[in-house]
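Visitor: Below are the features I grabbed from Swiss-Prot:
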type     : residues    : note
DISULFID : Cys7-Cys32  : disulfide bond
DISULFID : Cys18-Cys40 : disulfide bond
DISULFID : Cys22-Cys42 : disulfide bond
Amino acid sequence: DKLIGSCVWGAVNYTSNCNAECKRRGYKGGHCGSFANVNCWCET
């Protein structure tokens, strides 16, 4: 998967809707993951 940003408000590269942002970039979808679900990962 491709890390594109953060799911935490105020963090660097914050995205309010990880799945929608990933789709906008041409990925199949996305989800918040890693420690405490802080990162936005796009499905590759």
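Heads up, the Cβ atoms here are built off N, Cα and C, so glycines get one too.
Show me how these features fit into the structure around them.
Guide: Proximity of Cys7 (disulfide bond) to non-local residues of its own chain (separation of 6 or more, Cβ distance below 8 Å) is seen for Tyr14, Thr15, Cys18, Cys32, Asn37, Val38, Asn39, Cys40, given in sequence order.
In three-state terms derived from DSSP, Cys22 (disulfide bond) belongs to a helical segment.
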Visitor: Any idea what DSSP makes of Cys42 (disulfide bond), helix, strand or coil?
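Guide: Once the DSSP labels are grouped into three classes, Cys42 (disulfide bond) ends up as strand.
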Visitor: Which residues in the same chain, at least 6 apart in sequence, have a Cβ under 8 Å from the Cβ of Cys22 (disulfide bond)?
Guide: Ile4, Lys28, Gly29, Gly30, Cys40, Cys42, Glu43
Visitor: Kindly assign Cys32 (disulfide bond) to one of the three DSSP-derived states: helix, strand or coil.
Guide: strand
Visitor: Using a 10 Å cut-off, grab the number of neighbouring Cβ atoms around the Cβ of Cys42 (disulfide bond), all chains included.
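Guide: A count of 22.
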